[in-house]
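Below you'll find the structure, written out as C-alpha cells, and then a few comments.
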C-alpha cells in the first residue's frame with residue numbers, strides 16, 4: 001500500500017495539527033512566492049557586503065599576485081589552504097545527509113537534505129575559489145588537466161594534488177547533479193502554481209516534469225544509485241584532501257591516521273554548519289514543524305560522535321609522535337602545543353574536543369540557543385585545526401635560521417571573511433528562489449511518521465498503553481508541540 | 001459523441017487513489033497514467049510497470065569511466081612518456097586507484113542521470129505535459145483515455161465510489177500549454 005503506520009515508539013518527523021499536502025506546499029513555498037521579510041533583507045545586506053569584500057580582496061590578489069598574501073619562504077601555505085580545507089570539510093554534510101542517510105533509510109533526512117545539499121554546493125564553490133586563487137596565475141588553471149601541450153609533458157599523476165583536482169571536480173559535479181535532479185519535482189510544483197514570466201522560467205528549469213508513474217519510478221532508481229555512489233565518493237574526497245599532507249615528508253603531516261581523521265573532521269564541521277544555518281532558517285522561514293527538535297537533537301548527537309572521533313585522533317597523533325622515536329616528529333607536536341602557536345592549538349583542542357562533550361547533557365542538546373552557539377564554536381575550532389596542521393608544521397622547518405611566524409595581510413583576512421559572505425549570499429538567494437525543504441519527500445512522511453498520524457493511531461486505541469506513554473514522554477522536548485493536546489488522551 | 005478526451009479522477013489521499021486503481025482494473029477500464037506529487041510505493045506492481053533498467057545503464061557507464069581514465073593513465077605514464085623516478089616501476093597501479101575511482105563515479109552519475117532524462121524526455125525548455133495543475137501539489141490524479149472507454153458516467157461513478165474528490169472530463173489532453 002501507499003502508506004503504512006510506523007511504530008508508535010518512534011518520535012514524529014513532522015509536527016503540527018491537521019497538516020495537509022497542500023499546506024506543506026504552501027508553507028515551504030511561502031518564502032519563494034512572496035516578498036522577503038525584513039530578517040532576510042538584513043541578512044542579505046550583510047552577506048553581500050561580505051561578498052563585495054571578497055571581490056575586492058580576490059581582485060587585488062589577481063592584480064598584484066600572491067605577494068599580497070602574508071606567505072613567506074618558510075610558510076608557503078597558510079590561510080589559503082586552511083580556508084580551502086575548511087570549506088571542503090563543511091561541504092561534506094550535505095551529501096552525507098542525502099546519500100548515507102538515504103542508504104540507511106533515515107527518514108529524518110527528508111526535511112533537511114535539500115538545504116544541506118545546497119550548502120554543500122556553495123561550500124565547495126568557496127573551496128574551489130581558494131584552489132584557483134592560490135595558483136597565483138589562475139588563467140593557467142588548465143595546467144592541471146592532462147591536455148597535450150607545447151612542453152610535450154603530461155601532468156604529474158603521482159601527485160596527491162592531481163588526485164585532488166579529480167576528487168574535488170567529481171565531487172562538485174556529482175553533488176550538483178544529485179541536488180538538481182532532486183529539485184525537479186519541487187520546481188514543477190512552483191511552476192504549476194505560478195503565472196506569467198515566473199511560470200516560464202520555472203517551466204524551463206523543471207525540464208517538463210509531470211510526476212507520472214514511470215518518471216517517479218526512474219527518479220527513485222536514480223536517487224538510490226546516486227546515493228550509493230556518492231557515499232564512497234564523499235569519503236574519498238576528504239581522504240584525498242588529507243593525502244595532500246600525508247604523502248609529504250613534513251613532520252606533523254606524514255601520518256597514516258590522516259584519511260579517517262580528516263573524514264571525521266569533515267562530517268563534524270559539516271554538521272556544525274548545517275546546524276548554524278538551519279536553526280536560523282527554521283525560525284526565519286517558520287519551518288518549525290518540519291525541522292523539529294528531533295532533527296536538531298539527532299544532528300547534535302552526530303556532532304558529539306564525530307567530535308569524539310576527532311579528539312581520539314588528536315591524542316593518537318600525539319602519542320604516535322612520541323612512540324615513533326623520531327625527533328623531528330616529536331618536536332613538531334611539542335611545538336604545536338607549547339610553541340609560539342600554543343594559543344591556536346589550545347583553541348582547537350577546547351573547541352573541538354572539549355566543547356562537543358557538553359552534548360552528553362540532554363538539556364544542552366535540546367537547547368536551540370546553546371546548539372547554535374556550539375555550532376559556531378565548532379566551526380571556529382575546525383578552522384583552527386587546519387591552521388594548526390598547516391602553519392605549525394611549516395613555520396619551524398629543518399633549519400632554525402629560517403624559522404618564522406606567519407602574519408596574515410588584510411588581503412588574507414579579506415579573502416576569508418569575504419568567502420563567508422559569498423557563501424551566505426548564495427545560500428540566502430537559494431532560499432528565495434528554490435524550495436528549501438524537499439516537498440515531495442516530506443509529503444511521503446505525512447501518513448506514516450507525522451505527529452497527526454500517530455495521534456490518530458493513539459485515538460483508535462489498539463496500542464500498548466506503555467508504548468503510548470513512552471511516546472508521549474518523548475514529545476515533551478519538542479518546541480513545536482502543544483502538550484495540552486495530549487492531556488486527555 | 002461527447003468532446004471529452006480524458007477523464008481525470010482527482011484524489012486527496014494516496015490510499016484512496018490506490019483503491020480507485022483497483023476498482024477501475026476490476027471493471028476492465030484501462031488506465032492511461034497516474035500523476036502524483038510524490039512517489040507512491042507499490043504502484044508499479046499494481047499497474048504492471050516493468051522495473052527500471054537504469055541500474056544496468058549505470059553499471060555500463062561506470063565501466064566506461066574506469067576504462068577511459070585507466071587508458072589515459074596507462075598511455076601517459078607507461079607508453080607515451082615513461083619516467084625513471086629512482087628506478088621505480090612506471091606501471092604503479094596503486095597511484096592509478098584514486099583517478100580510476102573518481103572517474104568511475106563521475107561517469108556513472110552523469111551517464112545514468114542523462115539516460116534518465118533522455119528516456120523520460122526531460123530537458124530544459126520542454127513544454128510540461130500536465131493534465132492537472134494540482135498533480136504537483138496535493139492531488140493524486142488517475143487519467144483515463146476517454147476514447148473507447150464508454151459510458152463515461154460509469155467511470156465517473158467508479159472513481160467517485162473509490163473516494164475521488166473531483167472527477168474532470170477534459171476536452172484537452174494537456175492544460176499546461178499557453
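A Cβ is built for glycine as well, from the same backbone N, Cα and C atoms used for every other residue.
Because the structure is a prediction, the values reported are computed rather than measured.
As annotated by TrEMBL, transmembrane segment applies to A:39-64 (among others).
As annotated by TrEMBL, transmembrane segment applies to A:84-104 (among others). Counting only same-chain residues 6+ beyond the ends of the transmembrane segment (A:84-104), those with a CB under 8 A from a CB of the stretch are 112-113, 116-121, 123-124, 126-127, 130-131, 134, 168, 171, 175, 178-179, 182, 223-224, 226-228, 230-231, 233-234, 237-238, 241, 262-263, 265-271, 273-274, 379, 382-383, 386, 390, 419, 423.
Annotation source TrEMBL lists transmembrane segment at A:116-140 (among others). With a cut-off of 8 Å between Cβ atoms, the residues of this chain six or more beyond the transmembrane segment (A:116-140) that come close are 58, 61-62, 65-66, 77, 80-81, 83-85, 87-88, 90-95, 97-98, 168, 171-172, 175-176, 178-179, 182, 270, 273-274, 277-278, 415, 419, 422-423, 426-427, 430, 434, 436.
The feature transmembrane segment is assigned by TrEMBL to A:160-183 (among others). Outside the transmembrane segment (A:160-183), and at least 6 residues removed from its termini, the chain residues within Cβ reach (under 8 Å) are 88, 91, 94-95, 98-99, 113-114, 117-118, 120-121, 124-125, 127-128, 131, 144-145, 219, 222-223, 226-227, 229-230, 233-234, 236-237, 240-241, 243-244, 246-247, 434-435, 438.
Counting residues 6+ beyond its ends, the transmembrane segment (A:222-241) has Cβ neighbours under 8 Å at 85, 88-89, 92, 95-96, 98-100, 102-103, 160, 163-164, 167-168, 170-171, 174-175, 177-178, 181-182, 259, 262-263, 265-266 in the same chain. If you look up TrEMBL, you'll see A:222-241 (among others) marked as transmembrane segment.
Sequence annotations record features per position, and here TrEMBL assigns transmembrane segment to A:261-281 (among others).
Among the features that TrEMBL reports, transmembrane segment is placed at A:302-323 (among others). Counting only same-chain residues 6+ beyond the ends of the transmembrane segment (A:302-323), those with a CB under 8 A from a CB of the stretch are 252, 255, 257, 260-261, 264-265, 267-268, 271-272, 275, 329-330, 332-333, 337, 349, 352-353, 355-357, 359-360, 365, 374-375, 378, 385.
Counting same-chain residues at least six beyond the ends of the transmembrane segment (A:343-360), those with a Cβ under 8 angstroms from any Cβ of the stretch are 265, 268, 300-301, 303-304, 307-308, 310-311, 314, 336-337, 374, 377-378, 380-382, 384-385, 387-388, 391-392. According to TrEMBL, the feature transmembrane segment maps to A:343-360 (among others).
Nonlocal intrachain contacts for the transmembrane segment (A:372-394), taken as residues 6+ away from its ends with a CB within less than 8 angstroms of a stretch CB, comprise 74-79, 81-82, 85-86, 89-90, 245, 250-253, 265, 268-269, 272-273, 275-276, 279-280, 303, 307, 310, 332, 335-336, 339, 341, 344-345, 347-348, 350-352, 355-356, 358-359, 364, 406. Residues annotated as transmembrane segment in TrEMBL: A:372-394 (among others).
Per TrEMBL, the feature transmembrane segment maps to A:414-434 (among others). Sequence-distant contacts of the transmembrane segment (A:414-434), counting only residues of its own chain at least 6 positions beyond either end whose CB sits under 8 Å from a CB of the stretch, comprise 31-32, 36, 40, 43-44, 46-58, 60-61, 79-80, 83, 87, 115, 118-119, 122-123, 125-126, 129-130, 133, 183, 186-187, 277, 281, 285.
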